[in-house]
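Annotation comment: Swiss-Prot describes D60 as active site, proton acceptor, evidence class sequence analysis. The NAD(+) binding site annotation in Swiss-Prot covers D60, G61, N134, D135, K145, R162, D164, Q235.
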Amino acid sequence: MKKVLIVLSIEKPNAKKICKEIEAFLSAKGIDSFVYKYDGISHSPELNEDYDLAISLGGDGTVLFTARYSAPRHIPVFPINLGRFGFIANIEPKEWEGELLHLLNGKQALHKRMLLSASINRKNKEIVKYEALNDAVVSGSGIAKLINLDISFNGISFGVFRADGVIVSTPTGSTAYSAASGGPILDPDVSAFVLTPISPFSLSNRPLVLPSSGQMKIKILPARAKDIIVSIDGQEMVSLQEDDEIIISESPNKVKMAGCSPDNFYKALRSKLGWSGSSSPKLN
């Protein structure tokens with residue numbers, strides 16, 4: 001390993017101190033490092049692409065930003081949690097040195113997480129394309145939020161959804177906005193999407209789990225809401241127009257992450273989401 005990118009969240013008060021410690025640790029091992037200061041707003045950093053590792057130093061939002069940059073460049077991500085929740089960033093500040101040493105010595109396994117691809121088409125032309133580690137959300141952003149969406153999967157129509165919006169999440173994103181909206185939680189190794197309506201007009205519009213090998217199409221229909229957007233991981237946003245189409249499929253890119261083993265996933269479900277009601281169940 002020769003060069004490491006450190007994505008530093010400037011919003012975290014203790015991030016700079018830990019960043020200096022990481023820089024010194026890497027320097028002592030003959031590894032160069034470059035610090036990118038992430039402000040929570042920037043979208044596409046202009047960085048070189050010759051990094052061997054990207055260290056995310058912040059909360060889950062910093063991990064999402066780092067993952068979207070790293071995945072197409074095949075750069076592994078080492079996520080250190082400085083946030084309040086830290087469901088994706090499972091490496092705690094007190095653990096970073098030991099975990100990073102394990103990684104450098106080849107003793108830390110990397111686990112792949114799938115991303116979704118969201119292509120926005122207008123008048124039969126692609127205007128922009130994004131990748132998301134968590135989700136793509138189509139919603140009304142004004143006072144009138146109810147929108148109408150024509151949704152199909154592999155050419156099969158699901159009909160018209162009347163709702164405040166819909167969430168299309170990856171297994172990683174199934175623990176986030178989708179779960180808060182009543183969607184199921186998926187194991188990260190499951191190859192699937194979750195389609196979750198947001199405050200649907202009809203009670204029969206329930207969440208759906210769909211194979212990631214397929215393609216979903218979401219078409220914007222006339223509605224009361226005039227301000228409609230698609231949000232990528234809650235960080236990238238595009239305004240939509242009537243008849244725009246969002247094409248969602250599995251991205252060919254995957255992000256390799258440290259500290260994201262199946263064991264850590266289920267530990268996080270218990271400790272951070274209160275799954276099963278207790279982190280230390282007692283058996284009679």
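Here, residue 1 is simply the first one shown, and the rest follow in order.
Backbone N, Cα and C define each Cβ position, glycine as well.
Location within the structure of each feature annotated in Swiss-Prot.
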| residue | record | Cβ contacts under 8 Å, 6 or more apart |
| --- | --- | --- |
| D60 | active site, proton acceptor | N81, G83, F85, G86, F87, I88, A89 |
| G61 | NAD(+) binding site | S9, G40, G83, G234, Q235 |
| N134 | NAD(+) binding site | L64, S169, T170, T172, G173, A176, Y177, D233, G234 |
| D135 | NAD(+) binding site | L116, I167, V168, S169, T170, G173, A176, Y177, S178, D233, G234 |
| K145 | NAD(+) binding site | S139, D164, G165, S199, A225 |
| R162 | NAD(+) binding site | L146, I147, N148, P200, F201, S202 |
**Fill in**
Cβ neighbour count (10 Å, all chains) around Q235 (NAD(+) binding site) is 17
**Prompt:** Counting across all protein chains shown, how many other Cβ atoms sit within 10 Å of the Cβ of D164 (NAD(+) binding site)?
**Reply:** 18
**Message:** I want to verify one value. Collapsing DSSP to three states, which class is D135 (NAD(+) binding site)?
**Reply:** strand
**Request:** Between any two of D60, G61, N134, D135, K145, R162, D164, Q235, the residues recorded as binding NAD(+), what is the biggest Cα to Cα distance in Å?
**Result:** 31
